[in-house]
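Features reported for this protein in TrEMBL:
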TRANSMEM  12-32  transmembrane segment
DOMAIN    44-148  domain 'FAD-binding FR-type'
BINDING   Pro98, Tyr99, Val114, Lys116, Met123, Ser124, Thr165  FAD binding site
Amino acid sequence: MDLEFLQSMDVQILVGVGVAVLAILVAAAYLFSSWKPKGCLDPENFRGFKLVKRQQLSHNVAKFTFELPTPTSVLGLPIGQHISCRGKDSQGEEVIKPYTPTTLDSDVGHFELVIKMYPQGRMSHHFRELRVGDYLAVKGPKGRFRYQPGQVRAFGMIAGGSGITPMFQVARAILENPKDMTNVRLIYANVTYEDILLKEELDSLVAKYPGRFKVYYVLNQPPEVWNGGVGFVSKEMIQTHCPAPAPDIKILRCGPPPMNKAMAGHLDALGYSPEIQFQF
């Protein structure tokens, strides 16, 4: 009888230990899956990041790749936010300007900036002079936009020129998240075909996520053979290529100031309330 009692006690102890071990493993798995590496950004102080690659994309556009401290480091930039970059203009005066990386935290060990360098741009001068091995002073994250997966049914995006970078960042984050079913419709305006930034990457997303992501290109000076929009972005283009006004959609816009002003007027006239509009 005593032997049977001891044996039953042993079984109970083993079962208890097994349950405890299982609980620990489950907790560890949860913590591991929810753990996110600490980002490299500092919101208060500028930090230097080393330029490891510079790729010229056109006569005035280049992709700059910056190294993070370790191969598994992440920048730590929330979706839809930007960084402040500090440099010097042609007169040696300090200049600070916001930029949105085209990479996400899934791109570990580095971050990329696609920069259009204007002849008279003060920060453009700094990027023109930047060479592999140089350091860029960066601070962040910055910005008012906060994105949570599934917060809207669809996004309409209207971008002009280098205003594509925050749109690309948000669109890519949505589309590459298997749990996020948000649809994205983008109108992207430029002067010439050569001015279109990230076209290869945008077209790749369209091909990879058909139905969920669509891009309508608009050119002020199109080539002879062209099946996109011509001129400036119109109310009719917005009606055709953006989701209709509704409480569960949002329209994002980013471009030169005159374009932003014109788009705000178009959107207001079409019935898009201020609550469903956001300007980067």
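Just so it is clear, glycine is given a Cβ too, placed from its N, Cα and C backbone atoms.
Structure with TrEMBL features highlighted.
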| residue | record | Cβ contacts under 8 Å, 6 or more apart |
| --- | --- | --- |
| Pro98 | FAD binding site | His82, Ile83, Ser84, Cys85, Lys142, Gly143 |
| Tyr99 | FAD binding site | His82, Ile83, Cys85, Leu113, Ile115, Thr165 |
| Val114 | FAD binding site | Leu57, Val61, Ala62, Lys63, Phe64, Thr102, Ser162, Thr165, Leu197, Leu198 |
| Lys116 | FAD binding site | Asn60, Val61, Ser124, Gly161, Ser162, Leu197 |
| Met123 | FAD binding site | Cys85, Gly87, Asp89, Val95, Ile96, Lys97 |
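Figure note: comparing Cβ neighbours within 10 Å for the binding-site residues Ser124, Thr165, the maximum is reached by Thr165. Other than the site residues Pro98, Tyr99, Val114, Lys116, Met123, Ser124, Thr165, same-chain residues with C-beta atoms no more than 8 angstroms from the centre of those residues' C-beta atoms, the FAD site, are Cys85, Lys97, Thr100, Leu113, Ile115, Phe127, Ser162. Over the domain 'FAD-binding FR-type' (44-148), the average per-residue pLDDT in this prediction is 95. Helix, strand and coil residue tallies for the domain 'FAD-binding FR-type' (44-148), in that order: 8 helix, 48 strand, 49 coil [DSSP].
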